[in-house]
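What follows is a set of notes on a single structure, which appears directly below.
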Amino acid sequence: MLTYFHPDQSLHHPRTYFSRGRMRMPQEVPERAARLVAAAFAMGFPVREPDDFGIAPIAAVHDTHYLRFLETVHREWKAMPEDWGDEAMSNIFVREPNALRGVLAQAARHLADGSCPVGEHTWRAAYWSAQSALAAAAAVRDGAPAAYALCRPPGHHARVDAAGGFCYLNNAAIAAQALRARHARVAVLDTDMHHGQGIQEIFYARRDVLYVSIHGDPTNFYPAVAGFDDERGAGEGLGYNVNLPMPHGSSEAAFFERVDDALRELRRFAPDALVLSLGFDVYRDDPQSQVAVTTDGFGRLGHLIGALRLPTVIVQEGGYHIESLEANARSFFGGFGALRG
């Protein structure tokens, strides 16, 4: 399977993040990408560096002021006369009212939580992660049956104008929007442990892109503010946003009950192409997991997705149990490839 990854995606190296009242050691680390690249090579996938599609297809999804913020905030942060640290991190979170005067106010608007420090190379890493998604979308748009965007940093929590949940640019949404150039109806299926509230926000009022998410109950669990089953879309998009939350502690069987529900929604929508937001953080030993999916379970998931026989862009999202990433990737792609050739 065609796989896209740029070495600069590994340049983002966060030092810490803030969650639930504590400063914590980062989980979204460069080694995640290294393990997944190794798995791709072991499976015989051609791993290619993406072309540079420029900023325009990213700006088709994200606010241009936000993109400028991501590109410049670290330089402005380091230029402050006081020592504000090596990473831009906000301790103020106010979208509105916000005059956006000064870098601290801009960070208050554009960093939605404490999990997205912006270091010297964060923008470059996020930019090339998005370019990997665009390259995979271009390959599928041009006739490849499937392509893998090995995205890191991940993306599905990134909002139109704000970073959050380890995510800066919404790779899956960028890929889905790019697919719309050829495909009238695009579905995004999200199987990450956490609800992709960024994807939901971007497509919430649209009927040409269906978003279906299987995730842990967001009550007191990231993203906490969205991902509930009564969020169905708005305006023309009413009915085209489907959330399938799982109780914490769910079994693998319960996970696949939600997968069956999601597949029914996809078949009802009858998309021309699919974007899969693939998270390995539903693995039973993942530090973020609240369900019990096994390595073999990822093979079953791949088999079910492959059985749809849709042009498919697979976009990497979470997965933080470093030791299991290669095995889980091999299992998923083995199941997917068993039907796709």
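Backbone N, Cα and C define each Cβ position, glycine as well.
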In Swiss-Prot, the residues Asp192, His194 are said to bind Zn(2+). Which of Asp113, Asp272, Asp281, Asp285 is said to bind at that same site?
Asp281
Can you tell me how far the Cα of Asp281 (Zn(2+) binding site) sits from the Cα of His157 (active site, proton donor/acceptor), in Å?
14
DSSP says His157 (active site, proton donor/acceptor), in three-state terms, is coil
Using a 10 Å radius around its CB, how many other CB atoms surround Asp281 (Zn(2+) binding site)?
24
